[in-house]
Amino acid sequence: MNKIEDALISFSGHRFLVIKFQFITSHNDVNVVALRLDSGGRTPCVRVSKLLRFPYLNCGVETPSTSVSSKSKLRTEYDPDKAVEIYSSVSSHYTSPVTSRYAQEITIRRLAKARRFKDIESLIESHKNDPKITQEPFLSTLIRSYGRVGMFEHAMRTYNQMGDLGTPRSALSFNALLTACNNSKQFDKVPQLFDEMPKRYNFSPNKFSYGILVKSYCDAGSPEKAMEIVREMEENGVEVNAVTFTTILNALYKKGDSAEAEKIWETMISKGCELDVGAYNVRLMHEHGGKPEHVQALIEEMANSGLKPDAISYNYLMTCYCKNGMFDEAKKVYNDMEINGCNKNAATFRTLIYHLCRNGEYEKGYKVFKESVKMNKIPDFNTLKYLVEGLVEKKMMREAKGLIRTIRKKFPPDTLKAWREVEEGVGLASAGDDVSSKDDDETRT
């Protein structure tokens, strides 16, 4: 038997020594036992099943199924306290940095939604006591997490603490800092940091650093300055990849400068940039307000070049058909997505429901809603409010009540007040109480 790790903990006024050990057998079973240090002669052991009911006492028992289950729970748990509890139960045992970062960011978003920034600070700061804090990727996740919720000053402070924490600096943590700055909408600080930090800490920005700098200018509405950075990159021998060009392409289209955007596209082709689905989707975004044949032609061009259009691509085509009143064609795109190897996303359902409602086809909209429930891709509040109001207007009370009952179960708690106001507005205030189980089953099957 090998002891793997131990820890001293306190719970319910008692102190425990928690030991994790492994039997050297063909199965290499991992076990955990807790020894009560103040047992006073009584049986000192605590059953593991009882111990593991409390997430903060979890001493590292994790399986792939545990990790997947925890991620799934986090995605559907909107209560910030419960999200923190789930995250705390497994956060120290994720073997994948990507998985750990994903779980941390979901938890922090839940806290930010509740405007609990002090709790966010406590959660992130607690990780600075982790032995992994000397690893740059681990610390970079903390910087990035602060940026996700607009706490740039905390991100900056964490970056400045790296020397004291014994963490090396390179372009990796620098890029996390620049990204935090962009996510906090402090675009004007990015060029300043870009000029100062590499000199101060003696490292060189990489192509991703330049890409983030380009994004800051584009997000600030200055794609022309972004192009100056591209020229600087070329002069310094730094690779300008398709992502960087696509960022500028998107900014030019949003600014209404289609002529310059087309020049960027031609530049990408002439320089041999590997055009990807993201680049084509930016062009589709620009085209989808026009003629369907233009959007269809772009999608065919993608396919002919060896790229596989994704859900975003087909959503633009479907939207274009809807805007042109071609609902049969839009529904065909919707029905063929799985045949084309694409999974529908929430935007797919939102788009079709919205346009069906605009066309007065509320019954069809309700059928699409039920399909979204099956796939757990339910559209946003405003789209479903539009649908409920239409169903009531058409005297489809059974469907309206079924929709509201489902929403009460599926939507986060912070939206329920708004939904009650919708119910009162359309005369369905007691809908959740008088919908039959059959109605409820209809939205699940």
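Just so you know, glycine gets a Cβ as well, placed from its N, Cα and C.
Keep in mind it's a predicted model, so treat the numbers as computed, not measured.
If one looks beyond the repeat 'PPR' (206-240) by at least 6 residues along the same chain, the residues whose Cβ comes under 8 Å of a Cβ in the stretch are 171, 174-175, 178-179, 181-182, 185, 187-188, 190-191, 194, 247-248, 250-252, 255, 257, 260, 271, 273. Residues annotated as repeat 'PPR' in TrEMBL: 206-240 (among others).
If you look up TrEMBL, you'll see 241-275 (among others) marked as repeat 'PPR'. Counted with DSSP, the repeat 'PPR' (241-275) comes out as 27 helix, 0 strand, 8 coil.
Nonlocal intrachain contacts for the repeat 'PPR' (310-344), taken as residues 6+ away from its ends with a CB within less than 8 angstroms of a stretch CB, comprise 277, 280-281, 284-285, 287-292, 295-296, 299, 302, 351-352, 355-356, 359, 361, 368, 372, 375, 377. Look at TrEMBL and you will find 310-344 (among others) tagged as repeat 'PPR'.
For the repeat 'PPR' (345-379), the predicted model reports an average pLDDT of 95. Under the heading repeat 'PPR', TrEMBL lists 345-379 (among others).
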